[in-house]
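Take a look at the structure below.
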Amino acid sequence: MNEPTADPPPPVPLRWENIRLLLQYVRPHRLTVAVGVLLGLGTTATALATPLATKWVLDSVGADVSLAGPVVLLLVLLVIGSIAGMAQWILLGRLAEHIVLDARTGLVGRFVRGTVGDVQRRSPGEMVTRVTSDTVLLREAASSSIVQLINGMVSLVGTIVLMAVLDLPLLLSTLVAIVVIAVLMAVLMPKIGEAQRKAQESVGELGTVLEGSLRALRTVKASRAEDRQIARVTGRAEDSARHSIRAVWVTAVAWTISGGGIQLAIIAILGIGAWRVNEGGLAVSTLVAFLLYAFNIIDPITTLTQTFTQLQSGVAAAARIRETEDIAVEDVTTGRTLADTGAGPHVLELRGVTLQYAGADRPAVRGLDLVVPRHGHTAIVGPSGAGKTSTFSMVLRFVAPQEGTILLDGAPFEELSIDTVRSRIGYVEQETPLIAGTVRDNLTFRHPDATDEEIWAALDAVRLTGTVQRLPDGLDSPVSDTTLSGGERQRIALARAVVRDPEVLLLDEATAQLDGLTEAAIQEVIHRVARTGAVVTIAHRLSTVIDADQILLMEAGRVRARGTHAQLLATDELYRELVAALRISGEGTPGAVPSATGDPVPG
């Protein structure tokens, strides 16, 4: 339950190359963004025109001029600005959700289609955080922030220009405050981004630790480790809260400086403006219009402040998502297909195969020669680390050997597509996981077009028909660790692999934790499939492979010996040690399979 934690990535400053990380999510929606910008510019234009229209109203008072024109103009500006603002809000909201959907779709596709080795080097909690939390941070940063940045700059520049047109001396006092605010914000923004990045890192670690604790909940409780695990999880939560609180503090300071600076500027405008009005150097209507612009300038400055904060978070999230691009994606379709099952004596061959994992000091498999007959049961046994599961990984094309050749029906793997190879092979992995969903979802996982008749036949083969019939909704009943026992989950996994008998059935230690009924069901399936295809099993319980047509004893990545149970028992010391360690009698009854009651059943 000790999950590895990676060093946090370096801070992500707001440089152009980092902004480009966000733009890759915007590029497919650039037309929508352009419309959003135009709507925003329309809203900005009405906001910039409103103070001038207000000045027109004030200038018309007492001038024996109709007020209808300027008042109507104010109403028109209000309606246009409101409609454009609402349309922009809806448009950018939809855009944000589409960007999140695209990012999540891409991440899920990369994780699921990625190579087994690359994906398993990352913790599940970290990957879940990328899909859930990090994509949410993209929502505003990659959609409205870009539009707001453009509109905010236009609004700020437009406001300053119009203030200069109204009165240059008053503008100079305003610009002093704006420059001071800009300098302080430039100092504070990186601190906000760093705090938010660290908070997200802590959230990712929290997810990893919590998932590990929940997966091993029985072990946690049996070890009386609840308090320690709670402390580990809450420790990550406290780290996230601490960094988030720091971000809140810095953000609060930034907003206080922004708002306070503008308020000080307005006080200065009022003081200087009132003095100039008294001196006759400035009209009251001009002062009012200037004050309205001063109040309005708070909005673009606030918008830009918020936008830079969102961009900091978004760039950090995009950088974290970008890290997943080093996960290699399998090309499952390149290569040729095979015709129907061949007529040769062997379905699967490994010739001089050597596999060494990156970073390992020795090969997991070296010079391996292995022949799987077209029909029958081949069992692979050996001590831990002998290379058994690595052999299955090569057969399933999860990894590729550095040396040697693997052939399926006489065709080299290099010529065949991954999809072709896997379509011929049924696989039950060591953990026998359930697929989230119903019994039907699990049984049709390999063959989505499987009929109910085929599904019930597979369930009958693993002695689960009665169990499933007793479920509230039968095949459409949800399955979980609470609705099925461990043995029943293993039999569901086995039934999933034999809905349509595969050409080759691989069982990777599927008998590691069995009750008597489940072991009997698996033995029956092995015997049935072995009559028409090839079954290859890995097992630590040698009782499940005593009746195999051939047993391969592996040690240190090589086949040490091969033969039947009786032959190996008579000739190989390591095999005898394995049998003795598991307290298995050497007097197995070939061709017999224990029934649910423990009585022999003819094979």
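Along the chain as shown, the residues are counted starting at 1.
The backbone N, Cα and C atoms fix where each Cβ goes, glycine too.
In TrEMBL, annotation is done automatically, which means it is predicted and not curated.
In TrEMBL this protein carries:
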TRANSMEM  31-52  transmembrane segment
DOMAIN    34-313  domain 'ABC transmembrane type-1'
TRANSMEM  72-92  transmembrane segment
TRANSMEM  146-164  transmembrane segment
TRANSMEM  170-189  transmembrane segment
TRANSMEM  247-275  transmembrane segment
TRANSMEM  281-298  transmembrane segment
DOMAIN    350-581  domain 'ABC transporter'
Distal contacts, the transmembrane segment (247-275) - CB-CB under 8 A, six or more residues away:
167, 169-170, 173-174, 176-178, 180-181, 184-185, 188-189, 191-192, 195-196, 199, 282, 287, 290-291, 294-295, 297-298, 301-302, 305, 309
Mind checking which residues of the chain, 6+ beyond the ends of the transmembrane segment (72-92), have their Cβ under 8 Å from one of its Cβ atoms?
32, 35-36, 39-40, 42-43, 46-47, 49-50, 53-54, 56-57, 143-144, 147
Could you give the mean pLDDT over the domain 'ABC transporter' (350-581), rounded to a whole number?
87
To the transmembrane segment (146-164), which of 31-52, 170-189, 281-298 is linked by the most Cβ pairs under 8 Å?
31-52
